[in-house]
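Colleague: Just passing along the structure, written as structure tokens.
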Protein chains: 4
Amino acid sequence: MDYGMYYFEHVTPYETLVRRMERVLASGRTRFQDFFIFESKGFGKVLILDKDVQSTERDEYIYHETLVHPPMLAHPEPKSVLIVGGGEGATLREVLRHPSVERVVMVDIDDQLVEMAKTLLPEWHQGAFEDPRAEVVYDDARKWLETHDDTFDVIIIDLTDPVGEHNPARMLYTVEFYSLVKSRLNPGGVMGMQAGMIMLTHHKAHPVIHRTVREVFRYTRSYKNHIPGFFLDFGFILASESFDPAALSEGTIEARIRERNLPLKHLTAPYLESLFVLPKDLTEAIENETLVSTDANPFYLTPEGEARQAPYPQE
Amino acid sequence: MDYGMYYFEHVTPYETLVRRMERVLASGRTRFQDFFIFESKGFGKVLILDKDVQSTERDEYIYHETLVHPPMLAHPEPKSVLIVGGGEGATLREVLRHPSVERVVMVDIDDQLVEMAKTLLPEWHQGAFEDPRAEVVYDDARKWLETHDDTFDVIIIDLTDPVGEHNPARMLYTVEFYSLVKSRLNPGGVMGMQAGMIMLTHHKAHPVIHRTVREVFRYTRSYKNHIPGFFLDFGFILASESFDPAALSEGTIEARIRERNLPLKHLTAPYLESLFVLPKDLTEAIENETLVSTDANPFYLTPEGEARQAPYPQE
Amino acid sequence: MDYGMYYFEHVTPYETLVRRMERVLASGRTRFQDFFIFESKGFGKVLILDKDVQSTERDEYIYHETLVHPPMLAHPEPKSVLIVGGGEGATLREVLRHPSVERVVMVDIDDQLVEMAKTLLPEWHQGAFEDPRAEVVYDDARKWLETHDDTFDVIIIDLTDPVGEHNPARMLYTVEFYSLVKSRLNPGGVMGMQAGMIMLTHHKAHPVIHRTVREVFRYTRSYKNHIPGFFLDFGFILASESFDPAALSEGTIEARIRERNLPLKHLTAPYLESLFVLPKDLTEAIENETLVSTDANPFYLTPEGEARQAPYPQE
Amino acid sequence: MDYGMYYFEHVTPYETLVRRMERVLASGRTRFQDFFIFESKGFGKVLILDKDVQSTERDEYIYHETLVHPPMLAHPEPKSVLIVGGGEGATLREVLRHPSVERVVMVDIDDQLVEMAKTLLPEWHQGAFEDPRAEVVYDDARKWLETHDDTFDVIIIDLTDPVGEHNPARMLYTVEFYSLVKSRLNPGGVMGMQAGMIMLTHHKAHPVIHRTVREVFRYTRSYKNHIPGFFLDFGFILASESFDPAALSEGTIEARIRERNLPLKHLTAPYLESLFVLPKDLTEAIENETLVSTDANPFYLTPEGEARQAPYPQE
């Protein structure tokens with residue numbers, strides 16, 4: 001490691017990733033979070049929100065294809081889509097690639113972050129915010145869902161993890177929240193979500209989220225993929241009341257990819273299917289999990305990756 | 001990061017993993033390499049050889065199940081097995097779990113490393129060196145193969161990557177070496193190997209190894225798995241002259257696991273199968289690779305992860 | 001920075017020194033503290049106690065000449081010397097170089113540390129523990145002083161800083177302790193001590209110690225020197241009831257060095273004198289200090305280098 | 001160390017200082033060098049040029065008082081002053097505090113750096129560039145001296161160290177360059193300069209510079225001071241043909257400080273005098289040095305701090 005600027009990120013409490021920064025492109029704070037963008041040699045632009053790496057220019061396609069296309073392909077003809085979170089616009093970009101889509105509502109609490117992304121992160125949104133089918137709403141996603149009875153074919157949840165007792169995101173990881181999401185799905189609808197990092201020594205986030213979603217939906221399916229820029233595997237969940245979203249045949253997925261003319265760089269039909277096959281240790285961790293996160297007792301993650309349950313602190 | 005001891009490992013030229021060391025358990029040098037063992041909180045004992053993390057106590061089962069069982073399960077009744085490398089004994093341990101095995105020859109150049117492992121790394125070998133079916137030979141694997149005409153049902157190659165122009169391991173990654181391995185396989189035999197890290201920004205090792213093995217064997221199949229203690233995905237290869245080792249049905253694998261009574265902690269039959277399904281970007285990198293490593297022009301990896309070809313330097 | 005082992009030491013709350021370790025020589029814990037010894041390329045062996053660098057092989061002569069010879073040379077004929085602390089034996093070694101010395105009592109609480117030093121740190125003690133004039137007592141220094149009425153010509157205090165509210169060393173930095181030390185000095189006696197790091201952004205330890213010593217002794221003189229292995233200036237204090245220990249003429253010091261035949265590598269008479277001349281900003285920090293550390297309200301240092309006063313916590 | 005941005009600076013080849021950066025204020029490249037400014041908690045703004053810390057807001061007064069006032073006070077009535085280098089303007093600021101000064105020429109090769117400093121580093125220059133007595137010339141200092149026969153009472157050299165074989169600063173550290181400087185001093189004139197870090201394990205820069213200057217001037221005097229923001233001692237040199245600039249009495253210095261009404265924060269007359277007293281090990285290193293840097297064979301520093309001599313490479 002030569003002289004120069006580095007970014008320290010604690011990937012576990014005992015292992016720290018030190019990334020060389022070539023240039024600092026932007027840093028600041030919105031009303032809701034710190035943001036920070038730097039240029040790296042291996043991964044291009046790196047976006048940090050509240051200290052954690054969110055996305056890198058070079059591999060964001062892997063994350064966003066993995067988050068968006070499994071739920072979108074699980075639906076035979078998604079017309080209306082809700083994105084919960086999704087600030088920099090790449091989730092929106094991938095959703096809009098499905099030609100049946102007529103309306104996408106993206107509800108993100110942080111207007112300043114979205115405005116920043118429009119200017120500084122064109123590699124992510126690639127103009128998606130200009131698409132006439134896209135509506136961006138700046139609001140707390142839970143409040144918006146409670147006060148709007150619009151329903152959707154697909155709802156995609158792209159939130160940061162509920163790290164820390166005072167993290168307001170905790171209320172977006174409860175049985176009550178997922179019930180609300182379910183009530184806004186059309187018949188045959190499907191929910192997809194980012195569902196925590198998967199790590200031998202830190203299995204807790206994903207099993208708890210899975211266990212909580214399973215309280216609400218008839219079908220809950222976990223899948224995982226390796227995200228190189230995070231140096232970790234991440235977990236994802238598909239859930240539906242109507243059908244098993246992991247049970248589509250490879251031929252069906254293949255056909256939908258072809259019909260929709262999706263320009264995929266990472267996923268293929270067989271690879272997408274393979275992501276739902278989990279190793280034994282992870283399956284057991286999910287099956288053995290008993291913690292269900294509720295509004296009265298929502299879970300949060302400690303910096304050590306432990307899951308704890310406690311009432312959300314009143315101010 | 002508190003005061004104390006840390007281990008720096010460059011996972012890419014621009015990203016460094018800093019691991020907290022609780023205690024240093026051993027460090028030294030054999031005739032062939034530096035070794036270093038420390039205790040970490042998340043991963044238990046960590047074994048370093050020549051600067052790179054080789055294995056951690058907490059997740060070595062993932063690596064060793066992934067390396068050993070796919071080739072062993074591909075064979076209907078493996079009786080004789082050769083392990084090339086495999087110093088700390090966990091590869092041997094997993095091989096010996098297959099009850100049909102009558103003889104395992106492990107050829108490792110570094111007797112001092114194996115002796116050290118016997119004493120300091122019991123969590124890895126778990127007594128495997130005492131098994132009467134195991135023969136440990138201290139020799140250069142290539143020389144041993146050239147001078148012995150023993151043949152085997154399964155040959156497992158567990159070597160470090162050929163990083164650096166002067167690395168003698170370069171001569172164990174050539175067409176000629178794989179031809180030699182093939183000539184020591186019984187009819188119906190299969191070769192399994194560790195085949196380099198898989199990384200978006202460093203795809204080179206695996207594609208080159210795949211391309212080289214494919215010159216020699218009729219069937220060459222790549223698979224990958226995430227190794228948490230490395231914070232990376234690793235590539236593996238199965239190769240055979242007789243049959244496609246990735247084409248076994250899930251039912252067959254399932255039956256063999258059950259018949260052999262394997263105490264697997266990570267692999268299941270479906271998960272093992274899913275590992276052979278590769279994402280599009282990696283498949284393309286493998287397909288587009290043209291570099292074939294030969295004795296006259298063996299490849300090596302630069303510290304930046306580039307693959308280069310050049311004659312092995314004469315002293 | 002290449003692959004390998006590094007030691008992290010926070011020299012300030014915002015600046016960390018990362019030292020490359022070539023080899024770990026020993027690590028462990030006595031009843032009182034953690035110890036850790038490693039080999040470095042620039043400084044040779046490095047001794048860490050409870051996380052902070054205590055001494056390095058290459059520059060310990062600078063620290064120990066600076067601690068020992070100013071008080072010893074201030075006395076015309078030191079026969080009896082008490083060392084408070086001084087575990088690894090280099091303070092003892094330097095004291096014994098003065099030929100008038102007939103008896104040195106070294107009181108260190110940590111017998112295991114001294115035993116370890118005898119074996120592993122011969123570069124420090126250089127056989128001093130074998131000198132018939134040396135008596136090593138394993139006891140709490142304050143308790144020993146309270147229960148023994150032996151008196152001395154020179155008392156040298158070589159303790160670690162009182163960092164942390166629960167640090168028992170806090171009771172060795174109070175008015176009452178210095179009064180006890182004074183009562184054990186012979187007429188014409190002098191006390192010398194290590195008195196905290198001197199740093200622009202962390203002046204607090206030294207001024208508070210100076211202010212406290214000044215409550216007790218008629219003459220209190222600060223001096224400082226740069227200790228390369230710490231990458232910092234350190235403060236020291238001479239104190240006496242009988243005479244101004246910083247007022248000796250250069251000629252007198254020069255003559256004593258010559259008569260005693262001291263094999264100095266760093267100090268000269270003029271350089272020793274120059275160390276007592278302090279810059280304006282440091283002089284002002286000392287003069288403006290009002291905190292006096294007492295048994296009822298002993299001071300301690302926060303990790304940020306702030307000095308706080310609070311009763312010592314009862315268990 | 002928490003999440004976030006850090007700056008790595010190798011203070012020796014084996015010890016690295018990691019500084020927490022609160023904010024990046026500017027980064028870029030002039031025609032001659034990289035610059036980089038960040039905000040730190042302990043030291044305020046930190047200025048980096050070509051990777052090395054040049055100055056910090058919080059302690060620059062220590063460096064600049066130590067560089068400027070010894071030569072200025074050595075002269076009874078400095079009217080004309082030349083500054084070689086001195087980009088950010090703090091050297092100029094301190095020179096202008098001497099009321100006898102009528103003209104200061106500052107020759108710095110890097111106009112873009114000076115322009116950047118005018119805007120972003122007002123804490124350093126504090127308006128000095130606006131003083132009518134100041135003339136800033138953008139040129140190579142050696143070329144300017146060769147083509148101008150202006151003479152000065154005081155010449156202050158404030159350059160970066162000649163690290164690296166291709167460093168053009170090498171030609172500003174030779175016998176021929178110092179002869180040129182001497183020829184531009186008025187009778188009774190004095191040269192002052194920054195002369196390399198002083199470190200137990202890296203004594204080489206300062207002894208070589210001292211030895212080279214001594215070839216040219218009748219009187220050459222080294223002094224040193226601790227610069228907290230560098231975590232190191234730095235060496236300085238005064239040289240004169242007419243008188244011994246280290247031989248002024250404390251009373252004379254005291255009187256000149258008072259008459260000139262200098263608002264010193266760090267220096268006092270006795271402290272300034274004390275800086276010229278060097279420890280024995282450093283004195284010996286200077287006395288034993290034999291390397292003389294010449295135009296034909298100019299010296300340079302390796303990254304390991306070794307001094308080497310070799311012809312300056314022709315392009």
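The chain as shown is numbered from 1 upward.
Glycine residues also receive a Cβ, built from the backbone N, Cα and C atoms like all the rest.
Annotations for this protein, taken from TrEMBL, read as follows:
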type	residues	note
ACT_SITE	C:ASP158	active site, proton acceptor
BINDING	C:GLN33, C:ASP108, C:ASP140, C:ALA141, C:PRO168	S-methyl-5'-thioadenosine binding site
BINDING	C:HIS64, C:GLU88	spermidine binding site
DOMAIN	C:4-241	domain 'PABS'
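Can you tell me where each of these features sits in the structure?
Modeller: Every protein chain shown contributes to the tally, and the Cβ of C:ASP158 (active site, proton acceptor) ends up with 23 other Cβ atoms within 10 Å.
Neighbour density for C:ASP140 (S-methyl-5'-thioadenosine binding site): within 10 A of its CB lie 15 other CB atoms from the protein chains shown.
Residues near C:GLU88 (spermidine binding site) in space but far in sequence (CB under 8 A, at least 6 apart, same chain), listed by position: C:LEU47, C:GLN54, C:SER55, C:LEU113, C:VAL114, C:ALA117, C:LEU121, C:TRP124, C:HIS125.
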Colleague: Going along the chain, which residues six or more apart from C:GLN33 (S-methyl-5'-thioadenosine binding site) have their CB under 8 A from its CB?
Modeller: C:LEU49, C:ASP50, C:ASP110, C:LEU113
Colleague: According to DSSP, collapsed to three classes, what secondary structure does C:GLN33 (S-methyl-5'-thioadenosine binding site) have?
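Modeller: The residue in question, C:GLN33 (S-methyl-5'-thioadenosine binding site), is coil (DSSP, three-state).
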Colleague: Calculate the distance in Å between the alpha carbons (Cα) of C:ASP140 (S-methyl-5'-thioadenosine binding site) and C:HIS64 (spermidine binding site), and round it to a whole number.
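Modeller: The separation of the Cα atoms works out to 22 Å.
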Colleague: Round to a whole number and give the Cα-to-Cα distance in Å for the pair C:HIS64 (spermidine binding site) and C:ASP108 (S-methyl-5'-thioadenosine binding site).
Modeller: 17
Colleague: Could you state the CA-to-CA distance between C:PRO168 (S-methyl-5'-thioadenosine binding site) and C:ASP158 (active site, proton acceptor) to the nearest Å?
Modeller: 15
Colleague: Rounded to the nearest Å, what's the C-alpha distance separating C:ALA141 (S-methyl-5'-thioadenosine binding site) and C:ASP158 (active site, proton acceptor)? Just drop the number here, would you?
Modeller: 11
Colleague: List the Cα distance (Å, whole number) between C:ASP108 (S-methyl-5'-thioadenosine binding site) and C:ASP158 (active site, proton acceptor).
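Modeller: Checking the Cα atoms of C:ASP108 (S-methyl-5'-thioadenosine binding site) and C:ASP158 (active site, proton acceptor) gives a distance of 10 Å.
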Colleague: Could you tell me the maximum Cα-Cα distance in Å between the residues recorded as binding S-methyl-5'-thioadenosine, namely C:GLN33, C:ASP108, C:ASP140, C:ALA141, C:PRO168, rounded to a whole number?
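Modeller: Farthest Cα pair among residues binding S-methyl-5'-thioadenosine: 16 Å.
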Colleague: Out of these binding-site residues, C:HIS64, C:ASP108, C:PRO168, which one has the fewest other C-beta atoms within 10 Å of its own C-beta?
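Modeller: Output over binding-site residues C:HIS64, C:ASP108, C:PRO168: least Cβ neighbours within 10 Å is C:PRO168.
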Colleague: For C:ALA141 (S-methyl-5'-thioadenosine binding site), just count the other CB atoms lying within 10 A of its CB, please.
Modeller: 26
